[in-house]
Amino acid sequence: MKTLYSLRRFYPVETLFNGTLALAGRDQETTGFAWWAGNARLINLSGKLLGAHVAHAGLIVFWAGAMNLFEVAHFVPEKPMYEQGLILLPHLATLGWGVGPGGEVIDTFPYFVSGVLHLISSAVLGFGGIYHALLGPETLEESFPFFGYVWKDRNKMTTILGIHLILLGLGAFLLVFKALYFGGVYDTWAPGGGDVRKITNLTLSPSILFGYLLKSPFGGEGWIVSVDDLEDIIGGHVWLGSICILGGIWHILTKPFAWARRALVWSGEAYLSYSLAALSVFGFIACCFVWFNNTAYPSEFYGPTGPEASQAQAFTFLVRDQRLGANVGSAQGPTGLGKYLMRSPTGEVIFGGETMRFWDLRAPWLEPLRGPNGLDLSRLKKDIQPWQERRSAEYMTHAPLGSLNSVGGVATEINAVNYVSPRSWLATSHFVLGFFLFVGHLWHAGRARAAAAGFEKGIDRDFEPALSMTPLN
């Protein structure tokens, strides 16, 4: 089949009345889009669009490198990461770089190296972006047919999809190799309060790993967010990487089935909408993961989860009052329930008081005190270790609550500290970004479907107030 790259189609979108402004030689008349429509002007210019994407990647990687070095420059080893407003160093520490037992930072040089590598990479990407945006060929189809494409060429589109899937699969395997062979990763569950270790006994059982996908998202079930051991996380990445690579090969070798050709819209804007929907889902899942999961996001680096801080408070006061002579097994609280300990709906012994709602929390500082029926009274009396007391007291005062002005903790607490948890920032930002990506998906999906149906006209601007106003210039 002859490639269709010469068939230029411009959607008749009506835009602002000032169509004279031209950027990089592409104005509204020749492209059908005004300057503020950004990459829409490049829909049919694959070379220029490549430049825009490479330059965008350069900006992303530059931010990563610069922010990384900024965090290294401001890092104080004596304070926990989550007290310092860090969001990048906790990720590097979770990968096992620069940390030792208990999550203590013993070497910041790997963090410096990471920042420099990202800055160098961003320079390469930035040069490539400028080259392709300004100097390279406008279209790739004639000179480099392998990299050229036509949005309507379904076979080429699924080939590109396949290449992307293979790259994602290789990315998943990078984590696997780091955990298995290159120094290991940080395991918050390692005995005695967490340590870096190599993963030796991968979970590859499909019933276990795909069982997470079949769990309820509610309560103590928690869907995939409930994963709480590294063997499952790394084993899951083996499966994900394999599925992505095999799926990528399949998409490269095959053509779309007839039902897919009929059901999907095959245009650049449609692909944009699909991508935005996927990123939106990723954002919402990441939000839940960083908020609730203390295995993939260890509390040593990100601060405690909300339930963890609450349970830590109950534990701290249980320890204090038990030392003062209270019988924590039988003391009654103001509601008639147990003051320190009570029973869950399913019969386990749990912490009493307001924290009862978080009874299904699992945390490495607390699990050693559980028996077959929940919290074990004899262990609470005899086996509490100093590191558990220290950690729970620390977590109690660093709950992931807080306002934009950084006055953290409970709003009514007179001893509030100048602290906002990275969990708050990361969960909130990913929720907000996930929401806006979803709105972008709806917007572009609607436009793509309308264009495919043949009635895309843009917004009718005949009665727009701006038309009757004096131009600003």
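Glycine residues also receive a Cβ, built from the backbone N, Cα and C atoms like all the rest.
Looking at 291-312, 379-400, the range tied to transmembrane segment in Swiss-Prot is 291-312. 69-93 is the stretch from 69-93, 134-155, 178-200, 255-275 with the greatest number of Cβ pairs below 8 Å to the transmembrane segment (291-312). Through the fold, the transmembrane segment (255-275) approaches residues 43, 151-152, 154-155, 157-158, 440-441, 443-445, 447-449, 451-452 of its own chain, all at least 6 residues removed from its boundaries and within a Cβ separation under 8 Å.
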